[in-house]
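What follows is one structure encoded as structure tokens, with my remarks underneath.
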Amino acid sequence: MFTLLIGFCIGMGVSFQTAINARLRSYLGVPFLSSLVSFSGGTLFLALLANWQGYTLIPDWQMIHQAPWWVWIGGLMGMVALTANILLFPKLGGVQTAIIPLLGQVLMGILIDSFGWFGSPYIELSIIRLAGVGLVLAGMFCAVVLPNLKQSNRIMSTDRSIWFWRLFGIGAGMLMASQTAINAELGRELNASIQAAFISFLVGGTGLFFVVMLYERSFHRLKNGIGKGKPWWIWFGGTLGALFIFGSIILVPQIGTGGAIVLVLLGLISGSLLVDKFGLLGAIPKRILPIQLLGLGILICGVALIQLIK
């Protein structure tokens, strides 16, 4: 039960991180630089935590040589997925950008568990587990898509290229799910979850640094986030992202990649509804609709089928 609570809490943390990063982006005015600030903050937090626990930040050469090559690219996958979401927004709109990568995450998480990819524990795809996945997807649809369906219809569905971007979004979600499993395997190889989380953030942040240099070419906008009326907490969204990566590395060996993803998803949607309802972290307050609560209830039932009935 404690494991389930961890997954739910880090999912809520991701929803708060999203709101914090959105506020930071409103001041900086550019997306990739805001993401780099988040990655940098998370990397620093994990470095301090690893040092406090007595771990070296970078493993020795023998460990690097012995581990499978792909355990080192989880951070890059996260960076690519993050960049993809930024590119998707103007093409698909807010609703589809939110839901389509989540669909990719859930589907890839189940595939990883069913085939034991990336060192993830093998979990048979039973009828009950499949039904749980169906409920999770239905809950996502009710909580995220239906309340914004009219807004979503403003996207021109006659444009054939939209299907390319939808598939691109599913692929981005699948990369995020793969990152979760890969980071967990890195943690097992190093026998240190915090060290694995740090390496993932360091690799992703380094990749994002080069994206910023190529795309935005300057860091001068950072000063726009400092000054009177600018809340201090806009610089600490990366800490919540770091806790998400760290928590996921702990969860996957115990409940599988798919199980970890749906738990985080439950926390993410719950936290997002709280942010909207109470206008937390500078968000504009919004009324929670009955269909969203219904979707949350369906999602809980799906998570219960996946996690509690095996």
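Cβ atoms here come from the backbone N, Cα and C positions, even for glycine.
Curation plays no part in TrEMBL annotations; they are all automatic predictions.
Quick look at what TrEMBL lists:
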type     : residues : note
TRANSMEM : 27-49    : transmembrane segment
TRANSMEM : 69-88    : transmembrane segment
TRANSMEM : 100-120  : transmembrane segment
TRANSMEM : 126-149  : transmembrane segment
TRANSMEM : 161-182  : transmembrane segment
TRANSMEM : 194-212  : transmembrane segment
TRANSMEM : 232-252  : transmembrane segment
TRANSMEM : 258-276  : transmembrane segment
TRANSMEM : 288-309  : transmembrane segment
Beyond the flanks of the transmembrane segment (69-88) by 6 or more, those residues with Cβ under 8 Å of it: 31-32, 35, 39, 96-97, 100-101, 118, 165, 168-169, 171-173, 175-176, 178-179, 182-183, 185-186, 189, 199-208, 211, 245
Sequence-remote partners of the transmembrane segment (161-182) [C-beta within less than 8 Å, at least six residues beyond its ends]: 70-71, 73-75, 77-78, 80-81, 84-85, 87-88, 91-92, 96-97, 100-109, 112, 117-120, 155, 200, 248, 252, 257, 260-261
Dominant neighbour of the transmembrane segment (27-49) in 100-120, 126-149, 194-212, 258-276, by Cβ pairs under 8 Å: 194-212
Closest-packing stretch to the transmembrane segment (258-276), where packing means Cβ pairs under 8 Å, from 126-149, 194-212, 232-252, 288-309: 288-309
Contact between the transmembrane segment (126-149) and the transmembrane segment (288-309) (at least 3 Cβ pairs under 8 Å, separation 6+): yes
For the transmembrane segment (100-120), sequence-distant contacts whose Cβ falls under 8 Å of one of its Cβ atoms, 6 or more beyond its ends: 70, 81, 84-85, 88, 92, 129, 133, 136-137, 140, 144, 166, 169-178, 180-182, 184-185, 188, 252, 256-262, 265
Cβ-Cβ under 8 Å with the transmembrane segment (194-212): same-chain residues at least 6 beyond its ends: 32-33, 35-36, 39-40, 42-43, 46-47, 49-50, 53, 55-59, 72-76, 78-80, 82-83, 179, 183-184, 186-187, 219, 238, 241-242, 245-246, 249
Residues from the same chain, set at least six apart from the ends of the transmembrane segment (232-252), whose C-beta lies under 8 A from its own: 3, 6-7, 9-11, 13-14, 16-17, 20-21, 23-24, 27, 37-46, 78, 120-121, 180-181, 183-184, 186-187, 193-194, 196-197, 200-201, 225, 259-260, 263-264, 281
